[in-house]
């Protein structure tokens with residue numbers, strides 16, 4: 001605390017005050033010196049910067065960015081693993097090279113035991129099957145590529161020997177759906193062949209030439225594009241017959257079930 005005192009004024013002022021004091025009388029006493037007490041001002045301190053709050057916000061931002069980068073890395077790694085490992089494994093699981101032993105009661109009265117091999121590719125998501133039948137070792141049919149398109153409800157046969165395509169409505173009583181066919185082949189994947197089975201025969205006849213192949217769907221279009229393509233009409237499905245009822249027919253033997261099917265395409269142009 002600072003004490004400030006005011007002393008009496010200069011001589012002129014003192015004389016005036018003396019005259020006034022004499023006029024007022026002796027009763028009046030001399031006034032004491034005026035004093036003012038001043039409290040010293042507080043020391044001004046520079047404002048504190050709230051560095052902690054700003055620093056914490058920046059730290060959260062950096063942490064968030066780091067988490068985003070980490071998550072993006074995990075996503076890209078997952079996509080890579082899915083594409084190059086899972087899909088490759090799935091493709092291997094959907095591809096089958098298999099065969100079946102069956103008794104041939106169609107070619108002769110004496111039942112002979114034959115072997116049929118084929119490569120099967122099943123597309124579960126697209127809901128179609130693709131079958132490749134190589135040249136049979138002991139005759140009994142032509143090599144062929146077959147597509148069963150369950151979305152379109154169509155079957156296409158590409159007779160490799162004739163280099164022609166034939167299209168007909170899908171026969172779901174003979175052809176197993178992709179999921180069921182896949183389960184069947186997975187169950188017998190440990191072995192090389194399916195259990196010994198029998199053969200049935202279906203007969204078809206050529207009806208008309210197909211010009212607009214794009215209307216058949218993309219799968220059949222890619223199979224038959226650039227080839228003469230014809231529509232078929234089904235005549236009959238028979239089992240264990242000893243004599244073929246039609247001449248001028250081409251046979252394709254294949255299986256999409258627990259039995260073998262011989263498809264006769266008659267009236268070939």
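Quick reminder: no glycine exception, Cβ is built from N, Cα and C everywhere.
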| task | Would you mind telling me which of 57-77, 78-98, 99-119 Swiss-Prot tags as transmembrane segment? | result | 57-77
| message | Can you tell me the CA-to-CA distance separating residue 165 (disulfide bond) and residue 171 (N-linked glycosylation site), as a whole number of Å? | response | 17
| What does DSSP say about residue 171 (N-linked glycosylation site): helix, strand or coil? | coil
| Inter-residue Cα distance where the pair is residue 224 (disulfide bond) and residue 171 (N-linked glycosylation site), in Å | 20
| query | Cβ distance under 8 Å to residue 224 (disulfide bond), same chain, sequence separation 6 or more: which residues? | reply | 156, 158, 165, 167, 210, 213, 216
